[in-house]
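Under the heading domain 'Major facilitator superfamily (MFS) profile', TrEMBL lists 16-402. What TrEMBL lists as transmembrane segment is 50-69, 81-99, 140-162, 168-190, 220-238, 258-277, 284-306, 312-337, 349-368, 374-395.
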Amino acid sequence: METMENNMTKNRKLWLTFFLGLISATGPLSLDMYLPALPSMQITFHTQTSVIQMSLTFCLIGLAVGQLLVGPLSDHYGRRLPLSIGFAVFALTSVWIMMVHSIVLFLILRFIQGLAGSAGQVLSRAVARDLFSGKALTKFFAMLMAVNGVFPIISPIIGGFLLKFMSWRGIFAVLAVIGVLVVVGIWLTLAETLPKASRSDQSLFQGFAAMATLFTKRDFILIALIQGLVFGALFSYISASSFVFQNFFHLSAQQFSLLYALNGLGIIVGNNIPAYLPARWTSFQILGTALLAGTGAALVMVVSLFMAPQMWLVAVPLFVVVVCIGIVNTIATSIAMNSQNKNSGSASAVLGLTMNIIGGIFTPLAGALGASSYAPMAALILISELSGLGLFAFVSKTTKFHQTHGA
């Protein structure tokens, strides 16, 4: 793998960064692009806020389950075939969603769409691990996640723009086109990064069993849980923000899209911060600082509930929270993937599983607890950030985690 890394041209590396960023963002795009349409979709389907928010949860569950399948399959069959099949199904499902009129069928299709989109999330990380290691992997993940972060920025803007001319169904037409373009791009530009000689010689059953053993690896699963808890904060924000800012603070769909895009920029900033910090900062120190800052910002938002409602007291702390989420995402992914030399597809799948399962738990809670205030969103963000910080404090005192991953 070192040879592949060293022989890669600058242009090739830039293209790989962009393309892997695109395929890793396609699953999240299916969450972000239609956020401005959630209030109007609630009217279309004649349902409650918590029910329409369940479409986010179903997609997240699909992303989680899909990663469990795609990881071992990619370690056995390579990266290109599972990617191609996943995005073909993603495109077809998006077309079907355009025509749906039943909320039950819509939720089922959202699960399938998440299932298919999971291929991009798992295999973008696995391809990167095939090609890079150590500090080079951390830097590449920072670049990859920066590109990845561009799409969540522009997707709600695109969604809000499309809503000026068409219904929410047009948003899923765009997702279908993206799915088709990704399949074409895979076969035209993405070489197989896991040659047959390097693939797992285990049966698929053994591959799934090997993935299960990752849950017994203490350091790996702890970092995955910390990352997953922080993603609980992210998805609490994602699921509730359109209702909070449009219904409570009375922003238009377009104004909300711009605010959401600004926070997406914050995630990009956070993704890149680790790559520019002095070398004396260890990964463990960066992780702890980001968790502490995110918890502090969430606490400010909760305290603001006891004051007269002012949007800046919500928007500013939220920006700090998402910047810290970006930092945690880069560092946690790098630490976890660096710890797994073999079965990187399975390791990537377990990371994605914890993020999406925990995110899926938090997503419907904001709506179920009420959409007339930002109190549920603020409380859930604080709970998830505080839980991540608490777990970090626990492992720093009870294990040699910080020594193992200090570099």
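Using N, Cα and C of the backbone, Cβ positions are placed for all residues, glycine too.
Cβ atoms under 8 Å from those of the transmembrane segment (374-395) belong to residues 222, 225-226, 229-233, 236-237, 240-241, 244, 248, 287-288, 291-292, 294-295, 298-299, 301-302, 304-305, 314, 321, 328, 358, 362, 365-367, 401 of the same chain, restricted to positions at least 6 beyond its ends. Same-chain neighbours of the transmembrane segment (258-277): 32, 35-36, 138-139, 142-143, 145-146, 148-150, 152-154, 156-157, 237, 241-242, 245, 251, 283, 286, 290, 315, 318-320, 322-331, 334, counting only residues six or more beyond its ends whose CB sits under 8 Å from a CB of the stretch. Where the transmembrane segment (284-306) meets the stretches 81-99, 140-162, 168-190, 220-238, 349-368, the count of C-beta pairs under 8 angstroms peaks at 220-238.
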